[in-house]
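What TrEMBL records for this protein:
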- 42-293: domain 'G-protein coupled receptors family 1 profile' (DOMAIN)
- 24-50: transmembrane segment (TRANSMEM)
- 62-88: transmembrane segment (TRANSMEM)
- 100-121: transmembrane segment (TRANSMEM)
- 142-164: transmembrane segment (TRANSMEM)
- 197-222: transmembrane segment (TRANSMEM)
- 242-262: transmembrane segment (TRANSMEM)
Amino acid sequence: WEFNGSFYQPSAFLMMGIPGLEALHPWISIPFCALYLTALLGNCVILFIIGKTPSLHEPMYYFLSMLAVTDLGLALCTLPTTLGLLWFNARRIAFDACLTQMYFIHILSFIESSVLLAMAFDRFVAISHPLRHPAILTRSTVLKIGLAIVLRGMVSLLPIPFLLKRLTYCGRTELSHSFCFHPDIMNLACADIKVNVFYGMIVLLSTVGTDFIFIVLSYILIIRTVVSLTTREECLKALNTCVSHICAVLVFFIPMIGLSMIHRFGRDVPPLVNTLVAYTYLTIPPALNPVIYSIKSTHIREALLRALCRKRG
């Protein structure tokens with residue numbers, strides 16, 4: 001413990017694995033390794049294919065590249081501590097290292113939410129205003145949107161580590177997961193955390209909450225446009241371009257909302273449920289997104305097949 005007058009701060013936190021299944025951690029690490037490997041390889045392949053295929057240099061695939069980079073970052077943020085705990089029972093994480101990991105996990109989560117919103121806007125413009133799509137979403141516009149997304153995440157979350165460092169911690173140092181999460185750290189404090197709770201809720205609602213509302217609004221407008229199409233084939237073709245994005249939105253937002261609700265209101269929820277939702281939130285989307293887009297996107301699938309054929313040749 002570090003002592004400074006009446007101020008106490010732990011030098012480190014202790015991370016938790018799967019509650020009640022500690023003896024099975026080496027076996028449990030196998031599916032985690034598979035998920036992390038899929039996330040790393042899958043997103044790298046997506047980036048490689050888009051970068052090497054000129055026909056994919058369009059707004060939809062630029063945003064997909066941003067999503068792949070974000071998913072890579074999320075996987076790399078949690079991989080060392082999760083596998084370190086499952087393989088070597090390395091539970092200790094330094095206080096400042098924990099705050100750093102927490103900051104980047106939350107930034108990347110907020111960025112992913114914003115990128116999904118940008119992709120929804122791209123689908124809306126492409127379906128509702130196809131002739132104006134290239135003029136509205138130019139390469140420079142996409143770049144500005146990407147920079148705005150990153151800056152919004154960085155600036156809105158910048159106070160969080162400092163709000164946690166000002167708190168007094170008095171005894172409990174066990175986290176609920178094998179990674180650092182803002183509500184988890186905050187609940188270990190024995191000081192008044194009203195400011196942390198209020199600021200965390202405001203940031204969450206003004207970023208992820210707003211993104212989700214606008215994504216839903218975009219799809220309401222898309223459905224209204226699709227319904228007005230003359231033939232059933234045109235309707236299905238337009239909706240088919242949105243299937244991958246809808247899957248990515250559901251895979252990301254459902255566990256994220258669940259985890260936020262559990263940390264804030266689910267005090268009676270079993271620890272195992274809390275842990276499973278947390279791991280679903282941080283490991284499933286980075287692994288599934290490249291698989292979803294590789295299966296559903298004809299252009300990416302064809303570019304991937306061409307790349308494999310060239311290597312074999």
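Just so it is clear, glycine is given a Cβ too, placed from its N, Cα and C backbone atoms.
All annotation found in TrEMBL is predicted automatically rather than curated by experts.
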For the transmembrane segment (24-50), sequence-distant contacts whose Cβ falls under 8 Å of one of its Cβ atoms, 6 or more beyond its ends:
17-18, 56-57, 61-62, 64-65, 68-69, 71-72, 74-76, 79, 82-83, 85-87, 89, 279, 283-284, 286-287, 289-291, 293-294, 300, 303-304, 307
With a Cβ cut-off under 8 Å, give me the same-chain residues at least six positions beyond the ends of the transmembrane segment (142-164) that come close to it.
59, 62-63, 66, 99-100, 102-103, 106-108, 110-111, 114-115, 118, 182, 185-186, 189, 195-196, 199-200, 203, 206-207
Can you work out the mean pLDDT of the predicted model over the domain 'G-protein coupled receptors family 1 profile' (42-293)?
92
Below 8 angstroms Cβ to Cβ, which residues of this chain, lying six or more residues outside the transmembrane segment (62-88), approach it?
15, 17, 25-26, 28-29, 32-33, 36, 39-40, 43-44, 46-47, 50-51, 101, 104-105, 108-109, 111-112, 115-116, 118-119, 122, 139, 142, 146, 149, 178-179, 248, 279, 282-283, 285-287, 289-290, 293
Give the nonlocal contacts of the transmembrane segment (197-222) in its own chain as ranges (CB under 8 Å, at least six residues past its ends).
109-110, 113-114, 116-117, 120-121, 123-124, 127-128, 152-153, 156-157, 159-160, 163, 182-183, 186, 238, 242, 246, 249, 253, 256, 260, 264
